[in-house]
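Here the structure is laid out as structure tokens; the discussion comes afterwards.
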Amino acid sequence: MSAAERRTVSRVLVLCVLWYMTSAGNNVIGKLVLQSFPYPITVTIVQLLSITIYSVPALSLLKTGPKRQPQIEWSYYVKIIIPLAFGKFFASVSSHISLWAVPVSYAHTVKASMPFFVVILSRVLLGEKQTTKIYLSLAPIVIGIMIATITELEFNMIGLFSALFSIFVFSLQNIFSKQVLRETSLHHLKLLHLLARLALMMFIPVWFWHDFLDILYSESTSTMDGWVVAMLLFVDGLANFLQNVIAFTVLSLVTPLTYAVCNASKRIAIITFSVIMFRNPVTPMNALGMFLAVF
């Protein structure tokens with residue numbers, strides 16, 4: 001291994017530790033918000049707004065502003081960029097629905113299936129073939145999720161399908177985001193800003209129609225003070241921005257499959273932290289399923 005490769009490996013390891021910490025905090029805060037404020041679309045809109053706002057000064061510091069932005073044809077926007085923005089919104093909303101419907105530990109056990117989706121989608125969409133060992137390594141993921149599902153005390157079909165859908169869309173997004181980074185030489189933080197901004201503009205009307213009017217006119221059932229909810233949403237948005245920046249940085253350094261493995265590994269931190277924080281009941285068989293899927 002060359003010195004440059006060793007530096008890249010060290011950088012990815014450090015980034016992964018930071019990614020796991022910010023992601024665990026982001027998910028726990030998100031669960032706290034959704035328990036008292038059941039509006040997944042609003043939480044998603046706040047996160048997209050946070051990414052859009054915070055990435056502007058970050059891009060200025062990195063000197064990756066408009067003057068150095070690669071020119072992207074409109075046809076490429078329509079074919080790749082806009083669908084990616086749609087995917088970012090729907091993946092985030094479905095992820096928040098799963099957090100609202102089931103325990104964080106179970107939602108992220110299901111999301112450990114990302115390598116499975118990435119391998120299958122890469123084969124179908126890009127024609128990429130993997131070794132037999134890699135295909136066999138997917139079996140414990142599926143078996144572990146099945147065990148965790150059967151033994152989950154707070155199982156909910158909406159939570160299961162929302163988690164599966166979110167990780168399916170995230171897998172598609174990771175594959176095509178890597179393609180965009182490779183084909184356009186766009187800085188990964190600029191791509192993150194672009195996707196968040198487009199998704200925010202496209203779905204503000206949906207949020208206004210679906211959540212805003214309901215929040216405005218319905219009686220509050222929240223067990224938290226409005227200012228506490230607002231503060232948690234602010235912290236959640238900041239944590240989500242940080243973990244997205246780190247995630248896109250890791251994606252820019254490694255292959256989609258390696259990224260999927262790193263993403264699945266972060267579930268250990270999230271599951272452990274959430275079980276400690278929320279103390280949701282975990283049976284021995286349930287723990288076995290979680291461990292097997294992540295392992």
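Yeah, the Cβs are placed from backbone N, Cα and C, and that goes for glycine too.
What TrEMBL says about this one:
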DOMAIN    11-295  domain 'Sugar phosphate transporter'
TRANSMEM  12-29  transmembrane segment
TRANSMEM  41-62  transmembrane segment
TRANSMEM  74-91  transmembrane segment
TRANSMEM  97-122  transmembrane segment
TRANSMEM  134-151  transmembrane segment
TRANSMEM  157-177  transmembrane segment
TRANSMEM  189-209  transmembrane segment
TRANSMEM  241-261  transmembrane segment
TRANSMEM  268-294  transmembrane segment
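Highest Cβ pair count under 8 Å relative to the transmembrane segment (268-294), across stretches 12-29, 74-91, 241-261: 12-29. Note on the domain 'Sugar phosphate transporter' (11-295): mean pLDDT across this stretch is 85.
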